[in-house]
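Annotated features in TrEMBL:
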REGION    1-42  region 'Disordered'
COMPBIAS  11-36  compositional bias 'Acidic residues'
DOMAIN    39-394  domain 'Vps41 beta-propeller'
REPEAT    89-119  repeat 'WD'
REPEAT    607-754  repeat 'CHCR'
DOMAIN    868-904  domain 'Vps41 C-terminal RING finger'
Amino acid sequence: MASDHASENGVDGDDEREEEDDEEEVEEEAVEEEEEPRLKYQRMGGSLSSLLSTDAAASIAIAERMIALGTHDGTVHILDFQGNQVKEFSAHSATVNDLCFDAEGEYVSSCSDDGSVVINSLFTDERMKFEYHRPMKSIALDPDYSRKSTRRFVAGGLAGQLFLNSKTWLGYNKQVLHDGEGPIHAVKWRTCLIAWANDAGVKVYDMVNNVRVTFIERPRGSPRPELLLPHLVWQDDTLLVIGWGTSVKVAAIRTNSLGANGIQKSIPASSAKYVDIVASFQTSYYISGIAPFGDALVVLAYIPEKVNGEKDFSSTMPSRQGTAQRPEVRIVTWKNEELTTDALPVHGFEHYKAKDYALAHAPFTGSSYAGGQWAAGDEPLYYIVSPKDVVIARPRDAEDHIAWLLQHGFHEKALAAVEAGQGRNELLDEVGSRYLDHLIVERKYAEAACLCPKLLRGSASAWERWVFHFAHLRQLPVLVPYMPTENPRLSDTAYEVALVALATNPAFHNVLLSTVRSWPPTIYSSLPVISAIEPQISNSSMTSLLKEALAELYVINSQYEKALALYADLMKPEIFDFIEKNNLQDAIHEKVVQLLMLDCKRAVPLLIHHRDNIPPSEVVEQLLSAHKNCNAKYFLHLYLHSLFEVDVNAGKEYHDLQVELYADYEPRMLLTFLRLSQHYKLDKAYDVCVRKGLLREQVFILGRMGNAKRALAVMIDKLEDIEEAVEFVSMQQDDELWQELIKQCLRKPEMVGMLLEHTVGNLDPLYIVSMVPDGLKVPRLRDRLVKIITDYRTETSLRKGCNEILKTDCVNLLIKYYKEAQRAVCMGSTEEEKHHKAGESSSTLESQRGSNAGSSIELKSRIRGSGRCCLCFDPFSIQNVSVVVFFCCHAYHSTCLAGGSDSFNMGSYVANSDDKDDDEDAPAEGSQIRCVLCTTAAG
């Protein structure tokens with residue numbers, strides 16, 4: 001199996017190659033180096049493109065000095081080898097199916113679907129036309145046509161007959177050489193041998209002996225000939241190469257009367273020739289053309305489509321429109337060993353079938369072929385024909401080898417090859433420079449630019465030289481992405497020139513933006529670039545990308561306000577972060593509308609937060625003046641709503657406008673606004689609510705206007721919300737409104753029942769029932785009355801129970817209070833308390849809590865006594881005695897209260913919080929002691 005490699009294409013670059021299906025072979029091929037192709041290709045130029053722009057090529061024939069090209073409109077074009085038209089014959093009215101030159105190249109013959117054969121002289125006006133009245137598919141002139149007076153030729157077509165025409169003294173004689181085995185698809189004449197192919201197979205006829213030499217059967221499984229034509233080519237006088245479907249056979253014409261061997265049929269004993277099949281193999285592709293290549297073969301391969309992962313070689317041609325693969329030129333040996341494979345970038349190959357291609361080769365002796373090389377001028381030429389293209393293939397030489405290495409990116413190998421051939425190291429830079437020069441001449445500026453890092457390497461001088469050279473050619477923008485910013489670092493001028501070149505070319509503004517962002521700002525000055533861009537601001541060449549790049553340059557140059565203006569024009573989302581980062585709140589006065597259009601969720605808080613710098617009046621004015629350019633009213637609503645939430649009075653002069661905005665965009669928020677604001681005109685607000693049909697808002701405004709009856713009418717007639725109506729009347733505290741409510745409800749019987757349900761506690765249901773006119777049918781009146789009575793009884797019972805519970809609780813609390821008031825609290829002196837605290841300062845927190853729990857509570861008389869004993873009127877601090885305080889706030893010296901008795905037990909009169917609850921019902925010991933003042937007053 002031959003290795004997979006790419007071929008050179010002199011027109012569009014490298015050809016693509018299909019990968020083999022077998023995974024093991026792919027792995028092996030990936031390891032091997034890519035082989036250099038043996039052929040080089042170029043498209044035929046000259047007049048060909050214009051000729052095929054309105055027509056399509058159908059057939060071709062090659063002579064020693066010229067080329068004949070037949071087209072689908074029936075024209076035969078005579079071209080030189082550069083593709084320039086020399087002559088033109090309007091020979092037919094239908095497709096030219098086949099062409100043939102005589103050996104001298106003086107006559108060209110053509111056959112067509114119009115049923116005619118035309119022979120034209122290339123150097124005289126001689127022209128002969130023969131009518132066969134059936135489409136003719138193939139023709140072959142006698143190689144000695146110009147030298148013999150017989151003017152013989154053979155032709156065949158769909159009629160299935162192979163005609164031999166010859167000139168006699170009476171005129172042209174038409175002889176049928178073969179008939180009855182289907183259409184004649186191909187015919188070739190070499191010396192005295194004629195080979196032709198029909199539906200049955202290939203036959204060879206000996207014109208000397210006037211006998212058929214052999215018959216070679218059509219390969220089994222091959223597509224029908226009308227779908228894929230058989231291809232015959234004489235390699236020399238005795239070798240016939242046959243390519244049919246996926247089969248290749250090489251037949252040798254032997255001169256031996258012993259007979260033939262192998263697969264061919266027997267021949268007459270009188271024949272001196274027979275055929276020997278010297279090579280035969282099957283291919284993995286369809287054969288669209290075949291030609292000799294020294295001791296090998298050149299095959300034009302058409303790759304069939306895959307069906308279920310496998311190539312379909314059925315007799316029906318796969319031809320789904322637009323899915324065909326590139327045709328391939330393969331060089332194979334007679335043993336089917338592939339030497340090279342090249343995929344051709346033929347124009348429109350996706351839509352072509354196998355029969356749309358043809359392969360022809362220029363006549364050559366081949367005697368100079370040795371070791372895969374030809375002598376100069378003796379190399380073969382191959383012409384690959386498609387409907388819109390003709391590609392010329394020829395063997396490669398040493399110069400092509402170096403060019404192929406350079407073209408395929410093998411720079412080191414190319415330079416190594418040059419060095420090995422000439423032995424001079426100085427050629428290293430020269431070859432690299434020549435390669436760049438070549439790309440520049442070919443106008444492949446982008447390819448040259450991408451190779452500069454590899455070829456120029458770390459030479460700053462070389463880089464600068466090429467930078468200015470690209471600038472001179474006005475192609476510097478393609479080089480900018482590859483320019484180094486360090487190792488080496490170029491001069492500031494080089495970078496500035498590059499940026500200016502990008503700025504002046506609109507096609508590269510995106511590159512300018514990415515370059516400004518990626519290059520360090522320290523390697524160049526931004527001022528020259530800014531100066532080159534600013535004059536374009538008012539021109540049509542000022543693209544958004546250029547504006548953004550200019551903004552980046554302004555930022556580099558610390559001109560933040562100018563950058564902000566451009567970001568606002570570009571509607572960049574990051575403008576808000578840019579404003580916060582650089583404190584540019586003062587610079588957004590004229591950008592309110594743009595900021596809101598960009599992101600109102602971020603713009604509104606920004607404007608609200610900085611309302612001292614940007615007053616609401618300025619924001620509102622800009623939005624009102626820009627209502628035609630954007631949804632300014634909605635933005636105005638968002639701004640005023642946020643402003644109202646922050647400060648109710650901040651935008652009070654716009655509250656009338658806010659009423660309309662709320663009604664348009666957020667009606668559910670309008671009622672809250674109406675309740676909180678005091679700065680809108682009631683009549684205007686009411687008109688807005690009426691126009692928008694906002695009923696609850698109408699009720700609120702009517703209530704604020706004092707028109708309660710009308711508000712009540714709206715609730716009853718339009719809202720039909722009796723519960724809200726009852727609540728409204730209750731808040732008004734107006735008896736006349738109750739009467740109005742009942743009056744309004746009586747107009748709607750269903751409202752009467754609802755009124756009975758919702759006025760419980762506000763109106764006497766019996767009063768409402770008494771107001772109902774006789775005969776008025778109230779829906780579910782009985783059920784509602786039963787419910788009202790039941791609810792009334794339940795409420796009465798609950799109230800009675802609650803009253804009893806309340807009375808009991810009051811009595812119990814009074815008894816408890818009375819008992820508590822009888823107790824006294826012992827208070828120690830201030831000095832004792834201080835001494836007690838000092839003694840306890842060294843104890844632990846737990847002991848302190850226990851000590852404090854058992855100590856006396858020090859109280860100060862706040863109302864009565866004013867810190868003095870209520871009996872002796874001496875301050876408590878004068879005498880070093882305990883103090884007794886009653887819950888009535890009267891305080892006494894313990895000695896004064898006891899009347900100087902030493903038997904007075906102080907602990908008996910102290911109310912301790914720990915045993916308060918336990919002694920609640922039992923009278924405490926010494927409870928006979930009473931507050932002197934309270935007891936006296938009670939007595």
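Keep in mind that glycine also has a Cβ here, set from the backbone N, Cα and C atoms.
Sequence-distant contacts of the repeat 'WD' (89-119) (same chain, at least 6 residues past either end, Cβ-Cβ under 8 Å): 58-66, 68-72, 74-76, 78, 127-147, 151, 153, 155, 157, 165, 186, 189. Per DSSP, the secondary structure of the domain 'Vps41 C-terminal RING finger' (868-904) breaks down as 5 helix, 9 strand, 23 coil.
Taken together, the residues of the repeat 'WD' (89-119) have an average pLDDT of 93. DSSP places the residues of the repeat 'WD' (89-119) in helix, strand and coil in these numbers: 0 helix, 18 strand, 13 coil.
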